[in-house]
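Shown next, in structure tokens, is the structure this report addresses.
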Amino acid sequence: MTEEHRLISAESVTEGHPDKVCDQISDAILDDLLAQDSSSHVAVETSAATGVFLVFGEVTSEGYCDVQSKVRETLRNIGYTSSEVGLDADSCGVVVAITEQSAEINQGVARLTGDQETAASREERYEAQGAGDQGVMFGYATDETPTLMPLPIYLAHRLAFHLTEVRKSGEVPHLRPDGKTQVTIEYDDDDKPVRLDTVLISTQHDPEVTQDWLAVELKKHVIDPVLDEVLGSKVPHDNYRQLVNPTGSFILGGPAADAGLTGRKIIVDTYGGAAHHGGGAFSGKDPSKVDRSAAYATRWVAKNIVAAGLAHKVEIQIAYAIGVADPVSVNVETFGTEQGVTRGQIAAAVRKVFDLRPAAIIDELDLKRPIYLKTAAYGHFGRTDVEFPWEKTDKVEELKAAIAAE
């Protein structure tokens, strides 16, 4: 590797990782409430320790969620079905401490209620709904993969997803739910990926498994198929370092081995460290929370900019004040990769094409639906196994037209 080249890494985790277990429980509860009342206001956190879960937060909804049942259903779907794997969904403890959302917060978010909202015009609704909190959010896109995601995090997610697939299908026996992946890619001085350097997989397994057997099976059934799918002939991967369970056995996993908490994998959830992060987590939050909806909207904006060929990569920063509809600021950073246009022209086109008020985002991306559980593992962006509305590139022509009209 030359001095101008650099190594960039990103990690992912499987759905059985204790933090991801908590994310999925929080989003399963959110989905259940949105399915009954699309205007539900939800902010639900989950924490996990050995044999016990605490679900807490604030909810205002016409719906009702049986939290105990939802926790156990989620755990069963992940694969925590017996004490042998470290957790039994049917016998673990579940403590619920959910209260109603603060009226002071609600008054800034929902100024129109009932008949007022029904009678209001779209513009009146968009102006009436302020941001659910202050904060800064980021969205990112790059043309180094077909999904317009950074290669390290995209590859790490694909490995984690396929690791779970072969566990659930039985293609590789003796695997248990907890697991992590990590990928290191070499980039050249033009910031292009040129070589796979390292693949790391740590996976929970049954006691009778040897590490040598596991390394062979994972290479055959997980690593090789994913590398062929994602890298193909585009990025050399014939001389990389493979690490499987580098500390040795990994029998005890999940919440039995480590405490879990909603919102503790925010870099895994987004861009693997390739972009900035405002710090706000996603899971358990309804779309009135701009931590979530604005992060989705900025990904949508960034992806359309790159898909339109205006820049090779772009990061969008947006900021809000609680109770105020219009963003405090919107910044476009193209890292010097803009193509035939200036950064200022792109920023002006974004302001013309995208309405980034919270209610407008919710309407445009149709976010008042039970779509969030599927986001809670393997990344919120750049997915190929499920379609999310913020991944659409429906504003490409409008952006080009806005640029041409300047």
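The chain as shown is numbered from 1 upward.
Any Cβ shown, glycine's included, is placed from N, Cα and C.
Given the ranges 35-45, 101-111, 211-221, the record in Swiss-Prot names 101-111 as region 'Flexible loop'. HIS17 is the residue from HIS5, HIS17 that Swiss-Prot records in the ATP site together with ASP178, GLY179, LYS180, ASP258, ARG264, LYS265, ALA281, LYS285. Other C-beta atoms found within 10 angstroms of the C-beta of GLY179 (ATP binding site) number 27, with every protein chain shown included. Taking GLU45, GLU58, GLN101, LYS289 as the binding-site residues under consideration, the smallest Cα distance to HIS17 (ATP binding site) is found for GLU45. The separation of GLU45 (K(+) binding site) from LYS285 (ATP binding site), Cα to Cα, is 9 Å.
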